Ligand SMILES: Nc1nc2c(ncn2[C@@H]2O[C@H](COP(=O)(O)OP(=O)(O)OP(=O)(O)O)[C@@H](O)[C@H]2O)c(=O)[nH]1
């Protein structure tokens, strides 16, 4: 069962803080199933203890049933707490049953690591405290009523002190472990964001655009058009106002496009003064109308009194078409727009006519 556990929880990749928690749960189930099955066989054939063999068999079935429930529930938090309570309960029952004899209380030391790891600091502290208090009480009773009991009062004090230190240490350990996981996740999210963002304008970069293009086109849900937008005579802007001003205009330009973007469309900076937009659920003529509107939004309001215009090329993306190929077509149309005097939008001539789903 431990080999297929990850299929039950596809939402918990190995950098998720609950990933190892789930693994531990599966291993506990595996260990409990094998142990009960082995004990049942040994009791049946070696010791001829039929009642115990049946009890072990039932125990094995209960563990398997719980395992089935775990897979069906797929709720890590709930199952982890239930399992932690179950383990603490079984341990407690065992220690109370043998009345703390044969140093059975030593088994209580496995409770903090298991419960803290499985169910977090709050549940771990509660369960560990209950089990340790029960152990101390059991030993205390033995000291009072059983003269043959080998632990003395000094030893009992040691058990109490060591128990408190044990719980505090595991509490601290679990806290730092979880904190480290959270930090790692945050750092990873930051890195992902950096790898997907254009450093100057803050919008998506080419990398992220390629991913969005691939996943959206693969879904085949709606027709898409690709627009390539290129600011006109940007070299002149740089030469006249300086590179820093050029940068500021690129940032403001990207923001202007973002403000006019429809939900579902994807904008990215392709490089330099060139931008790409994946326009969703649209015919090429509607796409042209949309880009014309953006063109108007850019040319109507100068950037710090510097007039800016752009030219654009549009193509319809076939579902199986690569970004490379679609980009070449849109770039081709862009070239036509530039050739025809700039500040205009052109369609790629060979784009297929498509029907939009309403
Ligand atoms: N300020 C700034 N300029 C950039 C950046 N990336 C590219 N450029 C400039 O953009 C200009 C692009 O020039 P060209 O490719 O000749 O195009 P253009 O002047 O816009 O002319 P057309 O595209 O033909 O209308 C160059 O001067 C580049 O240095 C950038 O990140 N910041």
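Heads up, the Cβ atoms here are built off N, Cα and C, so glycines get one too.
Bear in mind that TrEMBL entries carry predicted annotations, made automatically and left uncurated.
So that you can see what the record holds, here are the features copied from TrEMBL:
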- 24-46: transmembrane segment (TRANSMEM)
- 52-70: transmembrane segment (TRANSMEM)
- 77-97: transmembrane segment (TRANSMEM)
- 103-119: transmembrane segment (TRANSMEM)
- 126-143: transmembrane segment (TRANSMEM)
- 155-173: transmembrane segment (TRANSMEM)
- 222-350: domain 'GGDEF' (DOMAIN)
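For the domain 'GGDEF' (222-350), the model's pLDDT averages out at 94.
Comparing 52-70, 77-97, 103-119 for CB pairs under 8 angstroms to the transmembrane segment (24-46), the maximum falls on 52-70. Where the transmembrane segment (103-119) meets the stretches 52-70, 77-97, 126-143, 155-173, the count of C-beta pairs under 8 angstroms peaks at 77-97.
For the transmembrane segment (155-173), same-chain residues at least 6 beyond its ends with a Cβ under 8 Å from one of its own Cβ atoms are 105, 108-109, 112-113, 116, 121, 124-125, 128-129, 132, 135-136, 139-140, 143. Outside the transmembrane segment (52-70), and at least 6 residues removed from its termini, the chain residues within Cβ reach (under 8 Å) are 1, 8, 25, 29, 32-33, 36-37, 39-41, 43-44, 79, 83, 86.
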